[in-house]
Structure formats: C-alpha cells, structure tokens
Amino acid sequence: MFWLRGLQRSRQQLNRLCHFRSRLNYGTSPSIRSVQPSISRSLGFCSSLVRYSCSTNLPQPAEMASKTAHFVLPNTQPIADLDCKSAFENLTEKEKLYAHHFSQASWDGGLIALIQSSPEAPLIFSLLHRIFLAEKIPVLRAKALEAGVSADDFTAFLVYACGVFANAGNYKGMGDSKIVPNLSEKQFETIVKASAAYSDEPRVGKIFEKVKNLIYALESRNEILGFAPDGITTYWSDNCTKEDSEIVNAWLTSKRIEPYMCRTFKIVENGQTVYDVKLGSVAESTQDGITLPLEEYNGNKFRVTRGDYQKLLQRVNQHLLQAQKYAANENESKMIEHYVRSFEQGSLDEHKNGSRWWIKDKGPVIETYIGFIETYRDPAGGRAEFEGFVAMVNKESSAKFSELVNRAEKLIEYLPWTEPYEKDSYLKPDFTSLDVLTFAGSGVPAGINIPNYDEIRQDEGFKNVSLGNVLANINRKDPIPFLTEEDQTLMKEYKVKAFEVQVGLHELLGHGSGKLFRIDENGVYNFDKENTKNLVTGEPITKWYLPGETYDTKFGAIGSSYEECRAEAVGLYLSLQRDILEIFGFKDKAEQDNIIYVNWLSLIWNGMGVALEMFNPKSKLWLQAHSRARFVIMKVLLEAGEGLVKVEETEKGKNLLLTVDRSKIDTVGRKALGDFLTKLQVYKSTADIEAASKMYEHYSKVDESGSHPWAKWRDICLAHKKPRMILVQANTAIGQDQKVQLKTYEPTHEGYIQSWVERYPNTDIDDLLESIVEKDKKYFPTAFNN
C-alpha cells in the first residue's frame, strides 16, 4: 500500500520492518528453519535481557538534549484537517448510520495498536486521555503556567499527546523510533501533578509512577521497535529473540498457520519452556480447528490459545453488528457476519471469508475494511496490526481509476517480465478514490491495495483505493531542500499530480501484478515447469513456493520493503507510458514531460533526502519499509551512471544537491529500472530469498565513505527534516433526533486532542486498556519490574 505518512516500518539483522504491506506511504532474511532446541530451553523467561532504562541511568540534561533531538516532535508539529464534510453530507441517513457504527468499530479496534506498540503505550494513552478529559486545555494551561511551566513547555506537552494519539503509542507509526516529550521530565511531571485528573483520581498518580521513566527512557533498546536485545516489541514476550521467532515460525509453517492474528509468549510451565501462540479473539475457551493443545516439534513445545485483546474485540463486534443493520446489500452484510465470527473465534479463515465478500462489493458508496491487516511492526514480519477505515467514494475522481482498471490487462504488457510471470487471468479489481471519514491505527495512508492474503489476491481478486482527502494535504508551500530553485518550482506545481499517478500505478499494477510459482500438496505446479525460464539466469526454474509457504513467511523480514520497492519501481517504470498519463487527464506533451520528470525526481529525492531518517546508524537497520525501498531505487538509478542521477555535497556538513538529467530518464533510467524490476519479480515469483536478499542488501547499504558517504550525509538530511503531518479526523454521533451528526475540529494541537476526548467522552476505555496491561504485564517484566 502506498502510505502518505511520507509514505509508516527493518528490524534486527534481518531488517524486519520490511515485510509486505500493500500500501503507499505519504513521505539477511533467513529462510524458516528448525533451530537446535537447546536455544529455546536455555532461555528462561527472564534470561539475560537488556532491561529498559530507568531513572538511575538516564542521561544528564545536556546529554539528553542532544540524544533526544531525533525522538521529539517539535512545537511546530503541523496538524491538518482530513476534510470529508461534503462527502459525508451527501450520504443518506441509512448510509450515515452504517458509516457511524463502522467508524465506532474501527476506532475501538484501532486501540489494539496501542497494545501492539510497547508495553507502556496503553498506560500513556490512558494517562493523557484522563488528563484532558478531566478539564479543558485552557484551564490546565493556566494551572501549569502558574506552577512555573513555560508556555513552550506546555505546548510541547500537547504535541507529545498528539504524537501518542496519532501514532497509537509512543513509537512512530512511520519509522518505529520512539517519541519522547520535548520538555524536561520535571516540567512534564509538574503538568501532570497540576491536573485535575491527578488531584481527583488516585489511579492517575499510580499510572504516572508506572510510566514516567518509560516515557523518557532512551537506552539503545528503547529507541526502536524490534526483538531483544536491540528493540522493544509486544508481538513477542520480553524473552523472545530472533532465534525464537525462527523456531515458532517453523512450527507455524508446519501446521499451515498464518500468524496475522496472534502474538507469541514464551513461558515456563512445570519447568518446561512453552511457546504460547495467542490469537486475538473474544472467546477464550478451546475450539477444534482454531486452538491447539500442547505439542512438541523439533524438541520445543507449542500450543495455540486465544482471548488476546478480548474486551476491545467485544466492543468491535458490538459496533459491527449495529453497522450490519444498515448494510446496503448482502455482500456488506455477509462481510460483517464473517468479520464478527473472526473476531469472536480468533479465526483467520473467517476473516478471509469476510474479505471474499468484501471484494465482491463493487463500487460501494461507503468503503470499509477492518481487522489485523498490516505486518510492518512485527519484528518477524508476520503478525499484523489492527486497523479499520471508513470512507466515502468520490465518483468524479474515481472515473480515471476505473479507466485504468479497464485497460490494466493491456497495460501490464508494458512490464519487463514475460507472460509466465504474470497471473493466469487478470482479475479486474475495484479501484476508487475515497474521502476518508475514519482511519484508525498507527497512521493514515494515501492508498491501499488489499486484502494481503496471497491466495485471494492471486486467484480471486483485490481492491485498490486512493485516499483523495489524504493526498490533498501534501505540503506544496515549504522550501524543498537539496534541489535547485527550478526543480523546487516544478515539484511544488506537479508533486500532487505526479503522486496521484504514482499511487494509482503502484497500487493497481504494482501490488496487483506478478505471479507466485507454487507446487501444491498433490505435486501439481501452477506454472509450466518445463518451459518457463529464469529471466535472470536463462536457466530452467529450480525454486518455487512449497505447500504451507507464503510470500510473507518466505521473505519474512525483508518482505515488506521488497514488495514496496517492486510496486514503487512499477509506478516509475509505467509512468513513462504516455497513454497511461492520458488516462489521468494529462494529454499535453509538455505537461506529460513534467509529470514524468517530477515523479522520478520526487521518488529519487525521497530516497536520498528523506529516507535516511529511517536508517539507524547504531544497529545498521532500516526502520521503515517504504523508506528503504526508495533508498534502494535511488541507489539503482545512481549506479546506472551516465549522469542520470548526481548527488554532491555543496556545503561541507551542511548541504547536498540532487540533480536528475531528465533527458536520460527514458533511456538510461528505463533500462536500469527495467533490469532491476525484472530481478525483483523473478526472485519473488521463484521464492528465491537468497538471491533477493543478496541484491536487496547490496542496494540497501548505507556507505560510510567513498563518493557517496550516505552515513555521513544522514546528519545533513536530519538537519533539514520536517515533521510529518498529523491529520485531525472528524467524529460522528447520533443526536436526539436519531440522525447522525458530523463533528469537525480545528487543525491545531488543541483541536486534535479535543477530537480524542470527544471520541471517548468517559474513562471506560482507559479502565479497559489498564486491565489489559495488568493482564499482560507478566510477559513484559523489563517494563514493569515484575
């Protein structure tokens, strides 16, 4: 998918954040194998973990200021309005009720992302929500200032709250690095203790004591999400490492279990280590076909239980059942029926069935999706974050995408691979432009291609959406670093138009293209094994996906970024076709030339000027899938030579200059990108993770020296970075007249916080989140010292 957050995650030595996620953002993977059982048995529950930092080892103020620079949100943090008022007002009352209840389900489900972020994230959310719910911001501001807090520090407190609410936790949805407040611990504590919530509710003080050190902790493990000892994750218990994930994933593959809906906790029972694979569900009891009793595999013990996120999923299902009453047709009703069963039982098959009804629901007035969808933030690349969205179809803007779909089967022929590497038949998807009412999770994308289930996408179909009111918030005013004045002018004029083209091509013909070569349980191949050649080597095909293997499980840690790179490359490559640009309304050759140039320039600029923010120089890890993908494409085009791309340091330690020779895009650029794209597709089709990893790691390398010392230049890029936009979303409510009302908010820090206060107008949700943390804390002893 194509995320606008600039476009929101590579962890560990396997650069994990790069797991397949079909969306476009705004802004060495080992194959699964059996590991010696001694690894598991030698790791007790509290075995030699790097603990969270605590108050005794926090840096001193001067050191802290420098250390936190990359982790704070500035007081100038921009907030923008996700405007959907006119689109919402055009709905019928029945449609508004459907949108309202589905939005409620999405918001409640989106809170699961807090639990999936860090052990402390739900408590930080609860602390801040209780504080702002108890009194108006101007009242709290007056009390804080009277207590000696500066106006700037109070603003920093508000900005931190915005960051936690917007990212569903205290780690960035785009990049997975920690967010810490841009004010001192002392001033933060002063504000908390000045609040009415602190005075009136004893539990607020208790919550604060639990999280105050965790809020500011910036030891190396706290800086990013990932496996111990290099990061924090809640998809796995504290004592799980990359090696544990390989043990668990090997067992899951042997059982044909996809891990989208689960977390894994390594516990000790009766002196034995057990991997408890826990499914998200309302039900907790055992059920044949879903849970599994304790069993041994390769010397390790496993079981599947359920009941994770129970109370939140109960709320989700209650709202979905209300939405079902206002469904427009059988497709929507059946879709919801299966979603409810999925969340009740912890059944991935039921969610797949719901997704099948969803793809049949062509051209709905209201588009929705909900569930455990995207796998960016799991260090192992398989467990999915919960999200849900509700949006209204913009028929006028959708027309161009419909034409793209109608011609897609022919347009795919422009891609550089041969027919055997393409799907047997093209399944025309729905492709619409939407105005988002609700997008709950750790960030808001600009475009989406779902479902992510391989067997449905390849054999049954999928949908693409472009989120128009998200695209409308692209910044076209501020200076653009590292470009000439002429290029800045062109970028500002054509960036949105070019981005819309890239979104469309990335989603429909990027994620929507290509075939996976498989052998099934009966030994039947889904491709002509005798006559299909490897386009890279010219030799017969010798690798393919085995029964039980999926792209996700095979490509694991690099999968997300690798797939985003493939889709981005498809977008660039096909944007050279003028008949495609005409579909988007660009018929004048001079305008087409500018669209092509700006599309290529923009992606290359993102790859060199923005992406490096998402590289961690300590761990040498990429922290974000799309950023790594763009850096890789930039390196491919830079290495193509012949003056196509040039990057030079114009002011030592201060500035860079990027130039792209537009006269060579259609020649040097086309060939270099076509050759690279062919390799990307061949390695994906043939499940050749070894060749894919070798190539991808080469282009992902951030050099310390040489003609392009990217590691050194990263500091220059960080000095020029701009904060990512936070989008304030409307709320819906049913009035006394039983009609749905839309409530919008000012695009300010105060307005954004108010939207969350009114979204949850009492502390019930805080009680619920706190109870989940209490239940789970035994799995995360390093956070809670238990």
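Glycine is treated like the rest: Cβ placed from N, Cα and C.
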Among Glu564, Glu582, Glu591, which residue does Swiss-Prot name as a further Zn(2+) binder in the site formed by His506, His511?
Glu564
Which range is it, out of 109-129, 214-234, 676-696, that shows up in Swiss-Prot as transmembrane segment?
109-129
Outside the transmembrane segment (109-129), six or more residues from its ends: residues with CB under 8 Å to it:
161, 164-165, 167-171, 192, 204, 207-208, 210-211, 214-215, 225, 232, 234-235, 263, 280, 309, 312-313, 316, 370-371, 377, 383, 385-388, 440-442, 756-757, 760, 763, 765-766, 769-770, 772-773, 776-777, 780, 783-784
Of all the binding-site residues here, His506, His511, which one's CB has the most other CB atoms within 10 A?
His506
If you draw a 10 Å sphere around the Cβ of Glu507 (active site), how many other Cβ atoms fall inside it, taking every protein chain shown into account?
32
Average the per-residue pLDDT over the topological domain 'Cytoplasmic' (1-108) and send me the rounded value.
58
Separation of alpha carbons, Glu564 (Zn(2+) binding site) and Glu507 (active site) (Å)
10
Row Glu564 (Zn(2+) binding site), column other C-beta within 10 angstroms, all chains, value 34
